[in-house]
Amino acid sequence: MRLSPTDWRNLTLSALALAFVACLPWLVGNYGLSIGVTIVMYTVLATSWALFSGPTHYISLATAAFFGVGTYVTGIGIEYLPYWTLLPLAGVIGAVLAALVGLATLRLSGVYFVIFTLGLAEFIRQVITWGQNVSGAKGIYVLTSITEAHIYWQLLGLAALVYLLGWAIGRSRLGFALRIIGDDEQVARHSGIHTARAKILLFLVPGSVAAITGAILAPRYVYIEPSLAFTPMLSFQVVIMALLGGTGRLWGPLVGVIPFTFLWEGISITVPNQTTLLLGVSFLVIVYLLPKGFVGLFGAIRRRMGSEGLV
Amino acid sequence: MSAVLSLRGVTKRFGGLVAVNAMDFDVAEHEVLGLIGPNGSGKSTTLNLISGALPVTSGAIALRGSPITQLPAQDIARRGIARTFQLVRLLPSMSVLENVMAGAVFGHRRRWGYEAEAVAQTMLEQVGLAGRGHMAVGQLTYIDTKRVELARVLAGEPRVVLLDEWLAGLNPTELEEGVALIRALRDEGRTIILVEHVMDAIRSLCDRCVVMASGTKIAEGTPAEVLADPEVIRAYLGDDDA
């Protein structure tokens, strides 16, 4: 793979930005760091979500399912396995689960996929609740010496991986195939693209990444139970943030995550019961004003300035 | 003369309706075969069966002797049968060049990177769109969208090209250009199946014609022969004129 000077410049700038945000734990207090963790967590989830849902236009609400499975991998596994094996293990389990979901649903399109992914999180949650009722245990305590800063750095590392992966996919035949599928699936098939395989392959990415994210965050919760680990709110937040930023570019979800997280925090502090309202209003804003997210808005502004000879 | 593509007893039923009934024909290498007949006679359905857009109810289709009857569309495309659509289908979010690259990257001969781009550029030149690769597909005129689709099909270097009413809807000037373009493909030695209504084009382009009526083959031969056949005239015009 040959890299152009622009690629090298972008890579260097990204590495510098990463190094800078990695210093956050020394720059801000506990509250600032906890917001940092939230931002990086949603950046990872929304970016990996957009890698699949952006080109294919399949709205997946399965984030909570994969995330919850990841938290339970850490919750249960921490007693029997060394911590460093848990993250790759969560990634593999997430990928296998995504492959199964993909095989079962990606041949169908549109609404069926959305409903199935929403039901999946609920289904797994019920299975675990049932397991707890049978065994008599309620939640699981995850007691570790892992600090908030450790979680933050792990998430940053995962974010870097997701961006590299997204960049590599964008330059690959798989990325091109998915853009074609997103435009016209019939043309894709008649051009020789194995559409089902391409979609399943890419669906492994958000599945695996969300499971690893859950595994990283489990120690932060200390006590995990199904209603917390599999909350459907997580899936909706990820979708809203990614769409608000825009799925057309790799960095799109990030510009949705940052303002949304601060708004969410602000509302949680002042009027804590109105967070659902924020979700609803954001959704309306996306549908009516920003169908292509902030990315589309930036593009439109740049075009307008360009046509007036300002750029 | 060996058959590149052969159909034997190919039948398609939609419930009780037999859309294509026991079609038999061969297409030889470098041949342009016209598939003609009145509206609703099953021409486009036959094309959809060959390209794998619809599953075959019974019968067999073979490409150079190997069966492709039950293969999904993407495998048929990879083996070398590429098609255009009756209603032009382009990729709206991509540039003209990227549209054509889709064929070069995933078609019968698969290429990637600079090589795929070079092939796509050559194909654009061939269909008369040199220098317009950067344009958005929304900016194109109707005949140019058809050219892009043709270039995408050719970019994969298919063994057989299926053109589904590629000349339909063109004005007289465009029609002349279109016929000249397909004649150029024919002179290159491409193997083509043409579903068409434009009689002048059929006369000047086709080596052979297969005529369909109500899903059944009613005649086969040179354009002059089949167009003089009383049964073909009856199928098109009704009993009184035959």
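Using N, Cα and C of the backbone, Cβ positions are placed for all residues, glycine too.
Keep in mind that what you see is a predicted model, and the values were worked out from it rather than measured.
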Annotated range (TrEMBL: transmembrane segment) out of A:230-250, A:251-271: A:251-271
Selected stretch (most C-beta pairs under 8 A with the transmembrane segment (A:84-104)) from A:59-78, A:111-131, A:151-170, A:200-221, A:277-301: A:200-221
Contact yes or no, the transmembrane segment (A:200-221) and the transmembrane segment (A:59-78), 3+ Cβ pairs under 8 Å, gap 6+: yes
